[in-house]
Amino acid sequence: MLMVPNIAILSGGFSCEREISLMSGKAVKKALDSLSYNAIEIDVDSNIAQKLKKTNPALAFIALHGPYGEDGCIQGLLEILGIKYTHSEVMASAVAMNKVMSKHIFHSLNIDTPRGYVISREDVLKNNIKVDYPYVLKPINEGSSIGVHMIFSHEDYLELKNNSSTIMEKMIIEEYIPGIELHTAVLLNEAIGTMEIRPKNKFYDYEAKYTDGFAEHIFPAEIPNNIYRITLEHALKVHQFLGCKTVSRSDFRYNPQNNTLKMLEVNTHPGFTELSLVPEIAKLTRGIDFNELVKIIVEDSLHHRNIRDQADVEQCY
């Protein structure tokens with residue numbers, strides 16, 4: 001009789017994306033239960049190391065989003081504890097989460113990305129800004145469009161300044177790219193499809209991402225064939241260059257007025273509910289339903305993930 005592995009679903013955590021993480025965790029738990037895995041949900045807190053030692057899972061399914069969850073922190077802890085885990089490893093997670101580092105990677109791969117730079121809170125409040133309207137102000141290490149400000153006019157800037165609590169000490173400011181929002185899924189080292197998003201709001205914000213009916217999903221994206229092909233090529237190129245594992249999602253903006261495509265970011269831990277983009281693309285392109293997608297991620301992580309044995313690490317004397 002085959003042993004069924006114990007799987008710890010890590011969700012919750014400390015970030016602003018906690019609620020979304022809990023939703024992802026519950027969706028994964030439901031899928032794993034239906035697949036007859038032994039699954040337990042763990043709400044990640046400061047005692048996570050002790051919880052993992054007590055649970056001793058064969059695999060940790062990372063359903064965390066945002067800081068500490070997809071930036072290499074939890075991955076590093078799992079490496080130290082010798083526990084296999086899903087999604088990307090430490091370095092890929094850390095670099096992809098940092099929008100400044102990501103831009104350097106995109107440039108090195110000759111992939112266009114919006115012009116931008118790191119700006120201090122002080123310079124934002126003094127309006128010492130070197131980018132013309134419209135522009136985008138966003139955190140360096142956040143996801144789900146949390147803390148993102150679309151500034152189309154001086155009136156928008158004044159509103160931001162009057163509600164300055166969301167302006168962090170260091171942020172990234174970018175030119176605004178008008179046009180079409182695109183998301184490309186990579187699964188098992190293959191770019192499987194690109195979806196177009198048409199939000200009901202001005203942009204694809206937190207509400208539009210996680211509220212049914214606030215955005216229209218168009219598949220395949222209604223863009224020129226050559227642009228569609230380039231989204232697939234760029235998403236796979238970045239996925240492979242960073243060393244991403246199993247699954248990732250790359251985000252783009254396409255401006256049909258001047259036929260330019262800009263890569264915004266790569267997400268190593270994309271949202272993972274049945275309404276999320278990667279599961280939807282997998283279903284539409286490969287006929288893979290949510291439960292099967294969860295199984296693919298679990299099996300790939302169990303059988304193709306090597307955790308370094310501490311005994312193999314070279315000792316320094």
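Glycine is no exception: its Cβ is also placed from the backbone N, Cα and C atoms.
Pulled from Swiss-Prot:
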- 103-299: domain 'ATP-grasp' (DOMAIN)
- 130-183: ATP binding site (BINDING)
- ASP251, GLU265: Mg(2+) 1 binding site (BINDING)
- GLU265, ASN267: Mg(2+) 2 binding site (BINDING)
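Structural mapping of features recorded in Swiss-Prot.
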residue: LYS130; record: ATP binding site; contacts (Cβ under 8 Å, 6+ apart): TYR117
residue: LEU137; record: ATP binding site; contacts (Cβ under 8 Å, 6+ apart): ILE119, VAL124, VAL148, HIS149, ILE151, LEU160, ILE167, MET171, ILE172, ILE173
residue: LEU158; record: ATP binding site; contacts (Cβ under 8 Å, 6+ apart): none
residue: SER165; record: ATP binding site; contacts (Cβ under 8 Å, 6+ apart): none
residue: GLY179; record: ATP binding site; contacts (Cβ under 8 Å, 6+ apart): ARG253, TYR254, ASN255, PRO256, GLN257
residue: ASP251; record: Mg(2+) 1 binding site; contacts (Cβ under 8 Å, 6+ apart): GLU181, LEU182, HIS183, THR184, MET263, LEU264, GLU265, VAL266, ASN267
ILE151 (ATP binding site), number of other Cβ atoms within 10 Å: 21
For ILE172 (ATP binding site), the number of other Cβ atoms found within 10 Å of its own Cβ: 21
Per-region confidence, the domain 'ATP-grasp' (103-299) (mean pLDDT, whole number): 92
Most Cβ neighbours inside 10 Å, all chains, among the binding-site residues GLU265, ASN267: ASN267
